[in-house]
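Notes for the one structure printed next.
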Amino acid sequence: MSKKINKIVLAYSGGLDTSVILKWLQEQYQCEVVTFTADIGQGEEVEPARAKAKLLGIKEENIFIKDLKEEFVRDYVFPMFRANTLYEGEYLLGTSIARPLIAKHLVEIAKEVGADAISHGATGKGNDQVRFELGGYALMPDVKVVAPWREWDLNSREKLLAYAEKHGIPIEKKGKKSPYSMDANLLHISYEGGILEDPASEPEEDMWRWSVSPLDAPDAPERITIEFERGDAVGINGVKMSPATLLAELNRLGGKHGIGRLDLVENRYVGMKSRGCYETPGGTILLKAHRAIESLTLDREETHLKDEMMPRYASLIYNGYWFSPERRALQALIDETQKNVTGSVGLKLYKGNVILAGRTSERSLFNTAYSTFEEDSVYNQKDAEGFIKLNALRFIIAGKANPS
């Protein structure tokens, strides 16, 4: 420890890890600790974190609990989905996209209460430490970051439990503990650890929390319609919904039909491969629908440019660069392409599948007069001859210069 820290804002869940961190910060840094708990749709009550923080000596005015579900979906999830974002071709970035939001509010609270440091419970082996800290430095350049997992020797659950018992930290006993490390928000739930550390092992069926097995899903497809305005989903089956309400409803529908399960070995930013399983039912449906409405409303070169940029954009989010100038620049371009992405998409949900069932838009670029296979009066097929010859010119020149 170099310069004295006066006040720390801790990203606090109320669980074992962050409760131990809270006490450890008080002991090691001898400073005031402020707790921040975010409700981003993880499905657990967040208010118990208030009582637990009080029990550990945190003043009422230093306990912050915020409902961020609408902000999360509106300002983070939806902008990401405008790009049809997938990391390494599969991952919908459910964990990655939540971290900049938490970092933003950590910094806002730090400025509000006059804190000079922030702290988080991410380990020194994962991506989250990078995401939290890059966000912190981008928004508060002089902030100090305390990452206990990189400092202490409490590197096992047994040691954490022993520390908690020694310091009177209450540990909830909820029956049999899950063998998996789980992280949830409105976009997804992730599973790591346990038998998943062996890539050859198949996940157990009772691991999945949000979805039924596709084998056990209803035998009849369910039809839905999603309405879009300027690239964002705004309603389901003609009913307007807020962003968070809409995503929650898509999660319910997708989970009912076994949609959105993913078993992935991914390349972490810190250099290692990791295996995780994800449930993203609503996001899986939303991605399919968004691509469908774009197919009607985007120009060809806009579509291809977006597809070329998407892997770079996805990596920026995965690696923690949400607040970077390059991500903002890409976002501006992506958002510009969405001004005509308005219309509706019909889907059938059936046993793990999202099946397109029609799309329509008043801004559609699909012109039957040109694309029909029947006789038309607007397209002169003879024009194609010159088009082809001009595009073939370089091949003709090269072939004559270098005959095979």
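Numbering starts at 1 and runs along the chain as displayed.
Cβ coordinates are placed from backbone N, Cα and C, and glycine is handled just like the others.
Under DSSP, A11 (ATP binding site) is assigned to a strand (E or B) in the three-state scheme. The feature ATP binding site is assigned by Swiss-Prot to A11, Y12, S13, G14, G15, L16, D17, T18, S19, A38, G121.
If you look up Swiss-Prot, you'll see Y91, S96, N127, R131, S181, S190, E266, Y278 marked as L-citrulline binding site, on the strength of sequence analysis. Every protein chain considered, the tally of other Cβ atoms within 10 Å of the Cβ of Y91 (L-citrulline binding site) stands at 21. Under the DSSP three-state reduction, Y91 (L-citrulline binding site) is assigned to strand.
Under the heading L-aspartate binding site, Swiss-Prot lists T123, N127, D128. Sequence-distant neighbours of N127 (L-citrulline binding site) (same chain, six or more apart, CB under 8 Å from its CB) are T95, S96, R268, Y269, V270, Y318, N319, G320, listed in sequence order.
Every protein chain shown contributes to the tally, and the Cβ of S13 (ATP binding site) ends up with 20 other Cβ atoms within 10 Å. Note on proximity: among G15, Y91, S190, the binding-site residues of the record, the Cα nearest D128 (L-aspartate binding site) is that of S190. Candidates Y91, T123, R131, S181, S190, E266 (binding-site residues) were compared with A11 (ATP binding site); none lies inside 10 Å Cα-Cα.
Listed in chain order, the extra residues whose Cβ falls within 8 Å of the Cβ center of the L-aspartate site residues T123, N127, D128 are A122, K125, G126, Q129, V130, R131, V270.
S96 (L-citrulline binding site) falls within a helix when secondary structure is assigned with DSSP.
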